[in-house]
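Asker: Straight from Swiss-Prot, here's the annotation block:
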- 31-45: compositional bias 'Low complexity' (COMPBIAS)
- 197-207: compositional bias 'Low complexity' (COMPBIAS)
- 223-324: domain 'PpiC 1' (DOMAIN)
- 364-463: domain 'PpiC 2' (DOMAIN)
- 31-50: region 'Disordered' (REGION)
- 196-221: region 'Disordered' (REGION)
- 328-361: region 'Disordered' (REGION)
- 1-31: signal peptide (SIGNAL)
Amino acid sequence: MMRSLHSLRRMSGTVLALMLAAGLPLSAAQAQPAKPAPKGDQKPATPAPSEQFVDGIAAIVNKDVITLREVREASKLASADLQKRGIQVPDERTLQKQVLQRLIMERLERQEVDRMGIRVDEAQVDQAINMIASRNKITPAAMRAEIEKSGVTWEQYRKSLRDDIRMDRLRQRAVDANIIISDAEVDAFLKDQERNPAAAQATRAPAPQQPQPQPRQPAQSGPAMLVLAQILVRVPEGSSPDQVAALRKKAEGLLARAKKGDDFASLAAANSDGPEALQGGMMGARPLDGWPDLFVKAAGSLSAGQVSGLVQSGNGFHILKVVDRAGGGQPAQAARPAPAPAPQQPSSFQEGPSVAAPQGPVRVTQTHARHILIKTSTVMTDDQARQRLEQIRERLQGGAVKFEDMARQYSQDSTAPQGGDLGWVNPGDTVPPFEAAMNALQPNEISPPVLSPFGWHLIQVLERREHDVSDEVQRMRARQLLFERRAVPAFEDWLEQLRSQAFIDNRLEKQERLEQNNR
């Protein structure tokens, strides 16, 4: 449970922040009327594919159909978003090709979400909204007014937020759960940091937030932060040597253009196979040690604005650009495998703590707690789960049974064999609804049923203490950096596997090849 709770807490501090560009989630922010395309030396638009296809089908993804109308509408939104970012919009055919690739991957992910039965109800969306508003020190009503002022309806925003939470939970299950960082790896990482004092600052994270934190002051020093963008030329699984050579040649051509001074974001938007292509290739910011080793070796010593050489990975050929770098202490969006908004559109809603931290002891109030979790499903509704926990609570308060026995019998959490014991919990270790309910309890008190993204809980506080967690925080930060280092390639591997196992009939791509052969 603790690993899952921490995973969602990390999601709330990163992905939810990344969804907000100028106060909007990325997908919602794109749901605005498209502005006229900029004039200039842009190539004349080729005939729209809708003129060439009678059936109106752009692609078939397993059993789902993506229509040409969907592609056209998504292309208008993508065009408006690129213009807002100051990125040159590709010609219509290229833009639709890129948009269709994104729609295909989104459809594959949505199919996986449905297959795994991942659901997000209204209460969980409300919790996410309250969390975002709280961390940005505004009320949910003020946040709603800000969003609606931008032209996005509240219903659109909620739907976008729900979709993004579902997708993030999919990534947690499919990718995050398979990344295991051992204690030995953490020990080795910390020893390496000791030999490199400058980099060691990356593991000095701020203390977990206590209730009612004071506003942060900008830090003056901290770990090296690196903001990267990429162009990815994907090499499909099972490609022949000739195909790999052709793709390498394509990547080398793009590299030459980037080195010559062509706009990197425009090149990425028109040519990259990466999931962040239509954001100009932006992957966000991380401490240097948080990027994959391949990326650090290729771009770690480059200055802002410089472009790396060709980087080959298991997924293809990468071209990296250092968008910005800093000695630390400057607010930066935390990068994840999911696409991130470009930096020229800073979010008005900032989330997550600074990487840098003050030196010295880090004292927090720890809570020793235990819980019983009942998950909801198609056979266990919210009402049924809550009623069962209320019955268990009545028996516990009557003294007829022991908490640990009820946890072993009924809890669906991994802590059930230990009687639901969570051990000593630091502030911020659990999701906000769980933590708020836990903090309101006196020692030995049992909460009413509490709803979290994982299900319904009964929580009992056993005791509290003041504790110096400096070493624990440093180890936790080291583990997080090691995790982030693996997350990007792991996510790309998962996307490639998802694609290779699917039936995809890309009719726009077929039409383009047919036209090329007839020339």
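Using the three backbone atoms N, Cα and C, a Cβ is placed for every residue, glycine included.
Could you tell me the structural context for the features on the list?
Answerer: For the domain 'PpiC 1' (223-324), the DSSP-based tally of helix, strand and coil residues reads 41 helix, 32 strand, 29 coil.
Counting residue by residue with DSSP, the domain 'PpiC 2' (364-463) contains 35 helix, 29 strand, 36 coil.
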Asker: Could you give the mean pLDDT over the domain 'PpiC 2' (364-463), rounded to a whole number?
Answerer: 93
